[in-house]
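Below are the structure tokens for one structure; questions will follow.
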């Protein structure tokens, strides 16, 4: 831990002079976690500088802020996917979206129904609908980060991005059936409206509208570019203009604007021309980054911390924490482990586990829960019926789960990076011993370095330890022995010289131990411990580290 913290502290010390984006990439902490933390700090519960709930109609403002950010993120995902990706990978997407969402929706509803006795199962389904879809903003921030690009296969990053975008728009049917069953007196009427409005009018019509707009814009821009009427800059400008136009049209007629934005992004880059023209253009990425930062600052200040303990509504911290843990482990991991063999992009159970874990909740959950509130009655105190009780508890539960997901998924990559960093740092140190003798001391012949015994008699000068299990000897100098350890990491490879007692002109102590936290600790050992013991301790620690890795 000390090695990791000390190394990253050097990066933090340059905050005032360096590039903030570079710092974020080095720490593997994305804008989601930083923005939320900053929003909490300046929000009404800490500094009191920024309070979105004091602006008037909290639900309406929150709904529109989340709508714009979500639509922009979904359009970006659609544009950045390879050409005709949705058609070419339809099988895997259908498996990851439909059965996985349905399983998570029903299971989360059961957990909520069990944890909160005053909420019936229909209301639990409504809350679960807000917590079912993967958030595309957080997912994109994770899979497009430095760590993911280095360690996650491209096909996994693409399938996660496409799945998060698709299931966010498909949350409408899950939400609408719950709302209709809650507010409608007749089950038959509720199911009829769910099919006609929830599926045909919202999902299917919204997708068609987005695809048509995207194809029309793509055709117009290709013709304009061929005639020399527009340049690359015009493509970047249309990046944002098309998003606003699409969600404006879809929202006006009451269709699924999120699916419309995603469909428009996929359609406009279907042949790859739009992506080619906007390649290496950072303006759109900067706009997307700024919107994400502003959105999560808003969410951090919006979180209702005071409502997280409301015993009169059966809401307690213990129940909320239990719900977060259950969602993290049961919402996506079990179905993906069962169904990953039907997804061509996922080849091993480890990849399925990774995809199951990285199903964060964030902007999408806040947006869907806020939309649900606009269709529910205003709650009284105390709530008069189940619909009012649902309206009083919905966003409190969703907000706590979103906060937990941001913390867990935002810190997952730094912790994974830390787990890989510590053993590799110690292994990568290059050690050089120099000693003057024709025969090794008795204690030296019993030491195992990286699991390999030293030869009983050393008569040559240099042993190049290229392979931890093998040494190559040379006899250029009969007065000493040098052993060079393997250099695993180019960045952290270090060489130090240790002079053993007994050599002509040598000091009676170890001159230099390898720099770094481990060397500093050993150098602080005083005269109470012999120099031989210091070397033994160092070698034992190296051997233990090799065993852990």
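Glycine residues also receive a Cβ, built from the backbone N, Cα and C atoms like all the rest.
Given the structure is predicted, the values throughout are model-derived calculations rather than measurements.
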Would you please say which range out of 93-116, 429-452 has the annotation transmembrane segment in TrEMBL?
93-116
Please check if the transmembrane segment (394-419) comes into contact with the transmembrane segment (317-340), where contact means 3 or more CB pairs closer than 8 Å and the residues in each pair are separated by 6 or more positions.
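In contact, yes.
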When each of 169-187, 317-340, 352-374 is checked against the transmembrane segment (199-221) for Cβ pairs under 8 Å, which one has the most?
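Between the candidates 169-187, 317-340, 352-374, the best contact partner of the transmembrane segment (199-221) is 169-187.
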Give the nonlocal contacts of the transmembrane segment (233-253) in its own chain as ranges (CB under 8 Å, at least six residues past its ends).
67-68, 71-72, 75, 79, 205-206, 209-210, 213-214, 217, 221, 224, 260-261, 264, 268, 274, 277-278, 281, 283-284, 287
Is the transmembrane segment (283-305) close to the transmembrane segment (93-116), in the sense of at least 3 CB pairs under 8 angstroms with a sequence gap of 6 or more?
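Touching, no - the transmembrane segment (93-116) and the transmembrane segment (283-305) miss the threshold of 3 or more Cβ pairs under 8 Å.
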